[in-house]
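This report refers to the structure that appears directly beneath it.
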Amino acid sequence: MAVAMSSRCPGLYCGRIMVNGSVEGECGVCPRGERANLQKVCERCTEAPELYDWLYLGFMAMLPLVLHWFFIEWYSGKKSSSALLQHITAMLECSVSAVVTLLVTEPVGMLSIRSCRVQMLSDWYTMLYNPSPDYVNTLHCTQEAVYPLYTIVLIYYAFCLVLMMLLRPLLVKKIACGLGKADRFKSIYAALYFFPILTVLQAVGGGLLYYAFPYIILVLSLVTLAVYMSASEIQSFKHLFAKKKRLVVLFSHWLLHAYGIISISRLDKLEQDLPLLALVPGPALFYIATAKFTEPSRILSEGGNGH
């Protein structure tokens, strides 16, 4: 659909390409890495991502690692000595994938990226905003307006999957001798399920996750910490310090609490936002302080005595 050169490009994301300092061509989709400015001219994105953008990418990068660790722990068994090595390998896979993803993203060969700033939710779903100037023909201007926040996550997941398939089967075959043949590769099979799910989640819900991830982190980390402490029957500091693994789980959840608080506050005002990190140990301390009052056996016994 041709649009007259004198008219302004319709729609939110359509623009004209600038060549040698002059605007040329018809209205249409901007090249990758560019975005239409207020004058509806395609402009190269040269800004560095904001702190919140990096925190979002960190969250999306953490998801496969946390799921790897969960399923390795779930299927390795209590007596298996291979779990720790598998945990380290999973972290290595995700770390290398993250570095390689940054290196292949523009500017190529550097651990930094240039990005188009996210301005509103519709930036993530440009395919829903293709204009129809004459109400008959549609002008297709679907593009990555949030470059590269949308595709970089998908590239990272692809590298994670490739590295896992190259490294983990050989490692598991050598070290997971205590497990049966059927159980040995279950954590890898689980990854073959959750990677497509994560990919669809990013493709469909990337924009929603971008705005909601700080609250998702806080809620999930609080719920999982409460479930873990309840399942492990931790009712005092003595129970908490009885095993090193419990402390590792506790500090991991504290890091997630802090990550969520920083993501919500964005550290815009350091003198106001940093004291909020003092709230991080609060949920665990509250649980230990009140666990003895909510012990089911105690409630049942008191109820029986009352009758």
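Note that Cβ sites are derived from N, Cα and C of the backbone, with glycine treated the same way.
Features of the protein shown, as given by TrEMBL:
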TRANSMEM  54-72  transmembrane segment
TRANSMEM  147-167  transmembrane segment
TRANSMEM  188-209  transmembrane segment
TRANSMEM  215-234  transmembrane segment
TRANSMEM  246-262  transmembrane segment
TRANSMEM  274-291  transmembrane segment
Intrachain neighbours beyond the transmembrane segment (246-262), with Cβ under 8 angstroms and 6 or more residues off its ends: 55, 58-59, 214-215, 217-218, 220-222, 224-225, 228, 232, 234, 239-240, 273, 276-277, 279-281, 283-284
Stretch with greatest number of CB pairs under 8 Å, the transmembrane segment (274-291) reference, 54-72, 147-167, 215-234 candidates: 215-234
Remote residues contacting the transmembrane segment (54-72) - C-beta distance under 8 A, at least 6 residues beyond either end: 83, 86-87, 90-91, 93-94, 98, 149, 152-153, 156-157, 160, 164, 186-187, 190-191, 194-195, 198, 202, 209-210, 213-214, 217, 259, 262-263
